[in-house]
Amino acid sequence: MKQPVRVTVTGAAGQIGYALLFRIASGAMLGDDQPVILHLLDITPAMDALQGVRMELEDCAFPLLAGVVCTDDPNVGFKDADYALLVGARPRGPGMERKDLLEANAAIFSVQGKAIDQNASKNIKVLVVGNPANTNALIAQRNAPSISPRNFTAMTRLDHNRAMTQIAIKTGKTVNDVTNMTIWGNHSATQYPDLFNAKVSGQTASDLVDQAWLEGDFIPTVQQRGAAIIKARGASSAASAANAAIGHVRSWALGTEGDDWVSMGVYSDGSYGIAEGLIYSFPCRCKDGEWEIVQGVEVNDFSRAKMQASEQELAEERDGVKHLLP
Ligand code: NAI
């Protein structure tokens, strides 16, 4: 049996946390030969609820669960962490402007970035789920100067999965027939799901649908799926978000399949003309625990305009929290 790794989950007492922790402990994220010690971090008022989650984790008797730490102290939460899933975030309250939301979250993610810097493994792999995910990832990364910026990523896998299913349904196929999907940009309404490079049974997806459906139906459906779920369910997508987080970390740690790729919000190296240093979603392949941005993906004028609009939004978000970026 391998040595256990430490996996920190913030917001562990929340909705996504509840859908996520049991799957991590079951081996779905890191493989069924990798024991884990879970570090559950939440805020002080959530500590009772967190004890309930711990009891349920214990009651599952997961063979791979080698320990559970519950805490409201980020220094304890990130101590020696090998992986961190930053899920906990401040939701938008009534009358809260986007700017207020950015600020409130920037405060949380700068504290957590510092705690990661001071306590975690230098090889930690960080996934930010809490919104605004890309900019929260940027803030955490900039507050952790002793750790490679490549180790901070943001989640667009849920958007990626949503896009795969929409094109599968439209073409009468299943997700098993869909490959090479890309979400470009920000995890927000400006994200760009790309059908010009996606394939369905080996055929270019955009050739199988008309432009009116692509622009008027597919893109808005993927972009606004989160809002549609809140409207229908009266609560935000938690199970599918947790599933996407499992998929993101699993691909990163254990590798992507063959020639296929996944979408990950990663530190831009200037690929595709995207400003260096933004956390931007690109097509990525992973091997041996490292991701790389897939090069040479075709970008037509339509795609370019959408990719730049999302880049612009990310640059504005970054500038809005400039004072919190060391
Ligand atoms: P929730 O409100 O059920 O849970 C959030 C948890 O975070 C709560 O337990 C809260 O106490 C905790 N928390 C707040 N501040 C914290 C801090 N400073 N440190 C540690 N814990 C803290 O929310 P839910 O549904 O679990 O969603 C969490 C986040 O994930 C939200 O920001 C949501 O917008 C985002 N999300 C992101 C998606 C993506 O695709 N990137 C998809 C769906 C949700």
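From the backbone N, Cα and C atoms, a Cβ is placed for every residue, glycine too.
TrEMBL labels come from automatic prediction, so no person has curated them.
The annotation domain 'Lactate/malate dehydrogenase N-terminal' is assigned in TrEMBL to 5-152. Residues annotated as NAD(+) binding site in TrEMBL: G11, A12, A13, G14, Q15, I16, G17, N105, Q112, V129, G130, N131. The annotation substrate binding site is assigned in TrEMBL to R92, R98, N131, R162. Per TrEMBL, domain 'Lactate/malate dehydrogenase C-terminal' is recorded for 156-322. According to TrEMBL, the active site, proton acceptor annotation covers H187.
Long-range neighbours of A13 (NAD(+) binding site) (same chain, six or more residues apart, CB within less than 8 Å of its CB): L40, D42, A46, A49, L50, V53. In terms of Cα distance, none of the binding-site residues chosen from R92, R98, R162 sits within 10 Å of G11 (NAD(+) binding site). With respect to their backbone Cα atoms, N131 (substrate binding site) and the residue listed as 'active site, proton acceptor' stand 8 Å from each other. Secondary structure from DSSP puts R98 (substrate binding site) in a helix.
Cβ neighbour counts within 10 Å, taken over all protein chains shown, single out Q112 as the most crowded of the binding-site residues Q15, Q112, N131. Site extent for NAD(+): the farthest pair of Cα atoms among G11, A12, A13, G14, Q15, I16, G17, N105, Q112, V129, G130, N131 sits 20 Å apart. The average pLDDT the prediction assigns to the domain 'Lactate/malate dehydrogenase N-terminal' (5-152) is 96. Only G130, in sequence order, out of the binding-site residues R98, Q112, G130 have a CB under 6 Å from ligand 1. Counting only same-chain residues at least 6 apart in sequence, those with a Cβ under 8 Å from the Cβ of R162 (substrate binding site) are P193, T221, V222, R225, S240. Taken over all pairs of the listed substrate-binding residues (R92, R98, N131, R162), the Cα spread reaches a maximum of 25 Å, rounded to the nearest whole number.
Cα distances from R92 (substrate binding site) to the recorded positions Q15, G17, Q112, G130, H187 are smallest for G130. Cβ contacts within 10 Å of G11 (NAD(+) binding site), excluding its own Cβ and spanning all protein chains shown: 22. Residue counts for the domain 'Lactate/malate dehydrogenase N-terminal' (5-152) under DSSP (helix as H, G, I; strand as E, B; rest coil) come to 67 helix, 28 strand, 53 coil. If you draw a 10 Å sphere around the CB of G130 (NAD(+) binding site), it holds 24 other CB atoms from the protein chains shown.
The binding-site residues shown are G17, Q112, G130; of these, the one with its CA atom nearest the CA of the residue listed as 'active site, proton acceptor' is G130.
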